[in-house]
Amino acid sequence: MTTRLLQGKKGLITGIANNMSISWAIAQLAKKHGAELWFTYQSEALEKRVKPLAEEIGCNFISELDVTDQKSISNLFNDIKEKWNSFDFLLHGMAFANKNELKGRYVDTSLENFYNSLHISCYSLLELSRSAETLMHDGGSILTLTYYGAEKVIPNYNIMGVAKAALEASVKYLANDMGENNIRVNAISAGPIKTLASSAISDFSTMLKFHASTAPLKRNITQEDVGGAAVYLFSELSKGVTGEIHYVDCGYNIIGSSKLL
C-alpha cells in the first residue's frame, strides 16, 4: 500500500464483538493505512473474542467499556489521556435492542427496551463525543454507524429504526456543536450485512435477498466496503465533510420501486 491515509493518527475503535463485526473490518483497514488503534470490549465474555483480534493487527491498547456506566467511560478516557495525551478519530460502533422485540409490531415495544435501546445506541454517542472532544487537540473525526431503517419502515427493525433515527439527528447536532473545534461528525448508513447484531433481526436472510435484488449494484455490501468509506471519513480527504449520512448500500437508498408490474 503506497498511500497510507491515516499514517501518524491515533483512533479509538468501539463496537467489536467478533471477526464479523463492521467495527473490526474498519479497524483492519485503518491499521493498514497506518493508524495506531485502541480497542474496547463490552464485557469479559467479549474480551475473549476481541483480545485475539487486537493482537492479530498489533493493537497494544484494549479496555473494557460499558457505555451505561459513567465511571467506565471516565476510566477509558483517563487511560487514553495518560497513554496518548490526544487522539484523532473515534468509531462509535455499538447498538442494542432486545432481540425478542426485533419482530412483530413496533407498538408493542416495552418501556425498558425503548430506554435501553436509545441509551446504548444513541446517547452513548453523545457521551463518547463529549469525552473525545477534550482529547482531540488538533481537531478530529467522529464516526457512527446507522441503517436505512432510520428513514423508512423496515419489517422487524422496530425500536432500532427509532434509535437510528435519533442517532442520525444527533450526528447533525453534534457536528454543529463540535465544528468550532475542527471536529467532524458523520455516519455511515450501511446496507444489511451479516453480523452478530443483525442475526437477532427476524427474517434477516429475506432482507439480504431483497436488498441484493433491488440495489443498483445487484449485490449486498461487504465489511470491506464499509471499511473503505470509514478510512475516507477518518482521513484528511474528508476534511470538509461533516454532519453527513454517507450511504454504503450498493445504491439501495435511491430506489423508489424495484420493479413496475
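Yeah, the Cβs are placed from backbone N, Cα and C, and that goes for glycine too.
From a predicted model like this one, the values you see are computed outputs, not experimental measurements.
The DSSP secondary structure for Asp66 (NAD(+) binding site) is coil. Swiss-Prot lists Gly15, Ser21, Ile22, Gln42, Asp66, Val67, Met94, Lys164, Ile193, Lys194, Thr195, Leu196, Ala197 with the feature NAD(+) binding site, giving similarity to another entry as the kind of evidence.
Annotation comment: Swiss-Prot describes Ala97 as substrate binding site, evidence class similarity to another entry.
Residues or ranges marked as active site, proton acceptor in Swiss-Prot: Tyr147 (among others). Taking a C-beta cut-off of under 8 angstroms and a sequence separation of 6 or more, Tyr147 (active site, proton acceptor) has the following same-chain neighbours: Ile154, Tyr157, Met160, Gly161, Lys164, Ser189, Ala190, Pro192.
The active site, proton acceptor annotation in Swiss-Prot covers Tyr157 (among others). Tyr157 (active site, proton acceptor): 25 other CB atoms within 10 A of its CB, across all protein chains.
Cα of Ile22 (NAD(+) binding site) to Cα of Ala97 (substrate binding site): a distance of 17 Å. For Ile193 (NAD(+) binding site), the same-chain residues 6+ apart in sequence whose C-beta sits under 8 angstroms from its C-beta are Ile22, Asn220, Ile221, Thr222, Gln223, Val226.
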